[in-house]
Amino acid sequence: MTQAKKTIKERFFHAFLFEILAIGLCAPVAAWAMGKSLFEMGVLTAVIAWIALVWNMIYNAAFDRLENRLGITRNLRVRVIHAFGFELGLILIVIPLAAWWLDISLWQAFVLDIALVLFYLPYAFFYNLGYDRARPRVMAWLARRADAQPVLRG
């Protein structure tokens, strides 16, 4: 399977839609499960999404630099270490934040974080599967729409 060439605009749309749908699905369920308000969980999930995005950029830049400096070949073992390092860093940031924001124990925040990971793993898989299947139709529709637009001359 070849990888589709995506513009920066499309990559932003893909990531934005991913996060908006995740927050819309996750916040109400988490609010109900934790006995917290939708506002509290909505803000927390939005902040966690933002933190994950920023952490992803920082972590990957640092990992790439370290990988280049040490002359490490990117293989399955390195990918596993990379994934665990990313998640560990995110956990160390998110758990204290969630405990503080929701006024819960660190253990409860840890359990919440595990629940979020268990949500995001299948969600990411199915979201990307659906996006990959819908993308050709959406791109064709956008192309037809662009062709149908009248050209304005000034």
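Here the Cβ of each residue, glycine as well, is placed from N, Cα and C on the backbone.
TrEMBL: automatically predicted annotations, no manual curation.
Among the features that TrEMBL reports, domain 'Chlorhexidine efflux transporter' is placed at 6-69, 74-137. Summarising the annotation, TrEMBL assigns transmembrane segment to 12-35, 41-59, 80-101, 107-129.
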Which residues of the chain, 6 or more past the ends of the transmembrane segment (107-129), have a CB below 8 A from one of its CBs?
18, 21-22, 25-26, 29-30, 33-34, 45, 48, 87, 91, 94-96, 98-99
Helix, strand and coil residue totals from DSSP for the domain 'Chlorhexidine efflux transporter' (74-137) stand at 59 helix, 0 strand, 5 coil
Per-region confidence, the domain 'Chlorhexidine efflux transporter' (6-69) (mean pLDDT, whole number)
90
The domain 'Chlorhexidine efflux transporter' (6-69), counted residue by residue under DSSP: helix, strand, coil
59 helix, 0 strand, 5 coil
